[in-house]
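As given in TrEMBL:
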type	residues	note
COMPBIAS	176-186	compositional bias 'Polar residues'
REGION	159-191	region 'Disordered'
REPEAT	60-92	repeat 'ANK'
REPEAT	93-125	repeat 'ANK'
């Protein structure tokens, strides 16, 4: 719209006056600006309902996601990404959607694409990264911030892997030095199992020991009774 590209104050006054006389409000302007995105979003939803692929390619290899990224259609791009369209799809020149967003100064789209796995450092067939293709200072600042965040994530991930490797190495070298006293401790779980196993092997379980003790006590009691019953009466020595 002329309103968007005019920088001269006097000309802007004329344009705004004419717009007001025709009843053109800011709400109407916003509605017209969003009409193209709304139309594309409706078309994408219809394609999905009909089972059509949302990553279909144009003759130049570009996809709907490339178009949404270049035009700043945030809702369309978000819909496509939620539906599983890859943020790393390339056209015939090896441009990803993030390259299109960088070239046409769409910082919000750059952040969105990278949240879904877009490669902020990807190169085209000419070796250009998104930062190389971007001339807008605000968008360049966003790209640099995303690059720093990605680098930080990689460092943290490497640190976790490295610490795990070091831990495995320590365990590997420390394992031969681990004390074996626990296996010989008669009060440990293993010791109890070992004692039980030895008793079972010799047939001397606790139940058997108690049974043998009861049998021995019973035999002893019987033996005492037999002795007392068979004992001769007191002999009386004297004349008959």
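Along the chain as shown, the residues are counted starting at 1.
Note: Cβ is positioned from N, Cα and C throughout, glycine not excepted.
Under DSSP, residues within the repeat 'ANK' (60-92) fall into helix, strand and coil as 17 helix, 0 strand, 16 coil. When pLDDT values are averaged over the repeat 'ANK' (93-125), the model yields 97.
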